[in-house]
Amino acid sequence: MKITSLHFLIFHKNLNYVSSKVKAKKIFYQRALNNIYLCTIRTMIVDIAEIKKRDNHALDTQESQELVNKIKEIKNSDEQNNSNNNNNNSSSSNFCSNNNSPFSHKETKLMVKEEVPNSIVKNILNNNSCATSIINNKFYTQINNIIPVKPEAMKEENINVSTVNTENDISKEKKENSHYFCDEIKVMKKEYSKDDFVTDVKLEMNDKEEEEEEKQKIGQESTHINIKVEKDTFNECNNSNVNEKKRNRSVDIHNELSNKRILTEDVVVKCNIKNDVKIIVTWNMNSITVRYKNKKKWDEFMNFFNNLNADVLCFQEVRLPAMNLSEPCDNKNKNKNKNDGIRDRGKIKNSDQKSLADYEIMEQILNDDFKDYNAYFSLANIKYSGQLVLVKKNIHIESIRYNLFFENNAHIHHDEGRVILVEFSNFFLLSTYTPNNGFDHVKFERRRLFDEQLQKFVTILRNEKQKPLVWTGDLNIAPEDIDLSHPAEFRRMKKGNVPKEFIGQPGCTDFERKNFQKILTAGNLVDSYRYLQNIKLNEDKKNNIKHTPNINDNIYTWRCPFLLGKSCNKAMRIDHFIVSKEFLNRINKIHIQGFSVFHNNFYGSDHCPVILYLKNE
């Protein structure tokens, strides 16, 4: 017995308008009934309710190609219409529709299995990136750069798919009164590249006996379907790609269709890509746009970056303003850009001439220099603080969080963009730009609150999550005197009358060191660089090898930017990789890139990159 057709149409949805769903339905659903297409998109819609629309035949090769071409036509037409209707500068408009753009909210979207009231579903349809936060924080990541390809040169691959029975058409009255459900769709692969693509789908029903057994296993009326999926291989692949082992893929589709349908316009595809993170870089850039404008220094950095081939880059102090979502309350207020108006901290501001210049610089950086990476921003209101995390597109991310709380509010950013938590398959990566302790009581209190929140956060992470933590970034702490170039001078610095625990250069006071040790204890964490250095020193002692620390050695991550004056030549190690103790066996080495009082390999910043190399699991 044959099931005549089953189709999940996945298509581009530009964030500039909402009508594309309705428009695309009318065009595609008449014939696209027995195919799965994964298009070159970032935001996708999967409408499971359309399963009920059936045809009596599968599309042949020619019809399949016609459908792909039609999808491309509509996508290009929609993008052109949006560009014409947009009031912004043409360059920024085009960039917003770019699939690689972080400005179209390239954050992990969430999908739920609980009942979702109709009012929230409407919010999701109309508000795109923000509305999903209303529901809860079950995270499912986006799938990027999956390309529709020609149906020639196909290779067959068997895939088992389980689904539940399809009901008759849902009446209009039921639709209006019912709740909607978001169920899970998984695309699981050991490796992933844009060469992989799912096309023609053929369905066959099992015998009745097997069907009854399947019903008992699942505990509900269901149909087990075997799907034969054809996979394209590009003729233009490199020889190395041609000789690669076949990638294993399994697709698990399990949606209850009785009074249920997927209506979210966020990604509901979870892509498990078995690529381990091997190299992580952290760097306080001290303004990414300023670094870029110094062509010589930027070229030096890009040469270092290209040779390194890092999997993850954590940039602190990028100094980009967050995008305005509303006008300030008081237009006469001179400080309105600092305090007023609602912001989207995951996007860059481009509403005035000054911010547009930085916006266009970032467009060029991300589309040219970091085109193989997904970008995750967390920004302050003004050109201050802020972070950017770049993750290779072939690395699977399970979730993203932008604060130090574990309520259902992962989308809410720290108001200065100081926290980004990325969950990978086998560990958490926390990047922070920890507040500087400063020299006054206001900043002392700000640092105390941040450290307290961080201590609670790592405690919960240790007790409730079953993954180790890698905490990196500009932590603004030199844990020991050995991390200071001039310990005596650093430790006696102060401004005004302050308690003894606050005496010292920010980053090395007793107050900060005490709180830092509390965080390490609470999270069962270790300063991995110092741990490895101590092992090396002990081995050298056994071999009678003596080391005399030198100001020019690559043992400090921050150096005073002034080459003259009383502060010149001073340096500290305040950028770190702090890891869970059980993660120490994964560390191969840690390298501090910068050296010398002349700031070699600092690439124009007052901080240098620090690189963590991980072993294979």
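Note: Cβ is positioned from N, Cα and C throughout, glycine not excepted.
The structure displayed is predicted, hence computed values, not measured ones.
What Swiss-Prot records for the Mg(2+) site is Asn284, Asp474, Asn476, Asp606, His607, and among Glu317, Glu423, Glu445 the residue it adds there is Glu317. Residue pair Asn476 (Mg(2+) binding site) / His607 (active site, proton acceptor) shows a Cα separation of 11 Å. Most Cβ neighbours within 10 Å, among the binding-site residues Glu317, Asp474: Asp474 holds that distinction in the structure as shown. Using the Cβ center of Asn284, Glu317, Asp474, Asn476, Asp606, His607 for Mg(2+), the list of other same-chain residues with Cβ within 8 Å runs, in sequence order, Asn286, Gln316, Tyr433, Trp558, Ile574, Asp575, Ser605. Looking only at the binding-site residues Asn284, Glu317, Asp474, the one with its C-alpha closest to His607 (active site, proton acceptor) is Asn284. There are 18 other CB atoms within 10 A of the CB of Asp606 (Mg(2+) binding site), with all protein chains counted. Counting Cβ atoms from all protein chains shown, Asn284 (Mg(2+) binding site) has 25 others lying within 10 Å of its own Cβ.
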